[in-house]
Amino acid sequence: MNLVRTAMLLAFMTALFMGIGYMIGGQSGMMIALVMAAGMNIFSYWNSDRMVLSMYRAQEVDERSAPEYYGLVRELSGRAGLPMPKVYLYDSPQPNAFATGRNPQNAAVAASTGILKMLSREELAGVMAHELSHVQHRDTLTMTITATLAGAISMLGHFAFFFGGSRNNNNPFGFVGVLIAMIVAPLAAALVQMAISRTREYAADRRGGEICGNPLWLASALQKIHHGNQVIHNERAERNPATAHMFIINPLSGQNMDNLFSTHPNTDNRIAALRDQAARMGATSTAASGPARATRRSQSVPDTGRDRNGDPPFKGPWS
């Protein structure tokens with residue numbers, strides 16, 4: 001089903017590229033857009049995960065640099081029956097996390113420094129279990145390709161403003177076509193993100209509760225993350241709104257139109273569903289089982305090395 005959904009998404013994005021290309025440059029513009037779409041689809045399949053991680057300047061950590069965080073992901077991966085993903089940390093005071101990668105064998109999970117400061121070990125276990133469930137359901141391929149292509153479509157709309165607007169070069173619509181492209185492109189990009197069913201978030205919550213052993217841990221984490229995101233902005237996410245759907249909670253501030261097209265279900269509804277699941281499982285908020293039963297040991301800082309620009313490592317709170 002995920003392969004069919006991915007194929008439909010790629011086909012729609014290709015058609016959208018071609019349609020905007022036709023509005024800008026007629027048949028020649030449509031063919032150029034087709035070539036661009038094909039290249040973007042191929043490039044996204046192999047490289048979109050690295051692009052997203054690079055956007056947020058995420059740094060890979062290991063058992064030496066972040067033993068508790070890394071060890072938690074390893075234990076959760078074992079419980080889920082998944083290969084060990086690469087583990088990343090990115091510097092942001094906003095609490096959030098995401099998963100990426102084209103398949104479980106090439107997956108990565110990333111958490112912000114803010115989420116490690118805010119959540120207990122049990123709550124973090126719920127969050128990372130949610131992200132691993134996206135990997136298990138193979139949602140990550142769809143999410144990473146969508147993020148890359150939605151951003152590219154928005155860029156094509158802006159591109160139309162500078163290079164369209166004339167009836168030369170077989171442009172059948174002139175400036176009217178350019179205006180349509182500029183208006184349709186960002187809206188279509190947002191709608192494509194919504195096309196990835198919101199039910200995948202509910203499914204990831206449900207499976208995440210099973211993996212970590214207690215859905216209430218994830219429910220508590222979602223509540224904290226939701227409140228944290230209302231007061232703490234993520235500047236990189238604001239500059240790259242096409243990636244918003246990849247996060248466990250929408251990272252956008254709500255000041256832009258993008259938030260009107262949220263790809264996430266209502267947080268209160270997600271929490272209610274998790275509490276219902278916990279009741280069916282007989283789980284309580286104080287029960288500690290599975291990988292999160294250990295207590296947080298220290299507030300020492302993982303050394304993530306220098307970033308891609310050679311800057312000193314950013315600091316996170318976990319050992």
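Yeah, the Cβs are placed from backbone N, Cα and C, and that goes for glycine too.
A TrEMBL annotation is a machine prediction, not a hand-curated record.
Note that the coordinates shown come from a computational prediction; the quantities given were computed from them, not determined experimentally.
Here is what TrEMBL says about this protein:
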- E131: active site (ACT_SITE)
- H130, H134, E201: Zn(2+) binding site (BINDING)
- 72-276: domain 'Peptidase M48' (DOMAIN)
- 278-319: region 'Disordered' (REGION)
- 7-24: transmembrane segment (TRANSMEM)
- 30-47: transmembrane segment (TRANSMEM)
- 141-163: transmembrane segment (TRANSMEM)
- 175-196: transmembrane segment (TRANSMEM)
Cβ-based neighbourhood (8 Å from the centroid) of the Zn(2+) site, residues H130, H134, E201 excluded: A99, E131, S133, D139, R200, A203, A204, D205, G208, I248
Distance, E131 (active site) to E201 (Zn(2+) binding site) (CA atoms, angstrom): 10
Other CB atoms within 10 A, centred on E201 (Zn(2+) binding site): 22
H134 (Zn(2+) binding site), number of other Cβ atoms within 10 Å: 27
Other C-beta atoms that fall within 10 angstroms of the C-beta of the residue listed as 'active site': 28
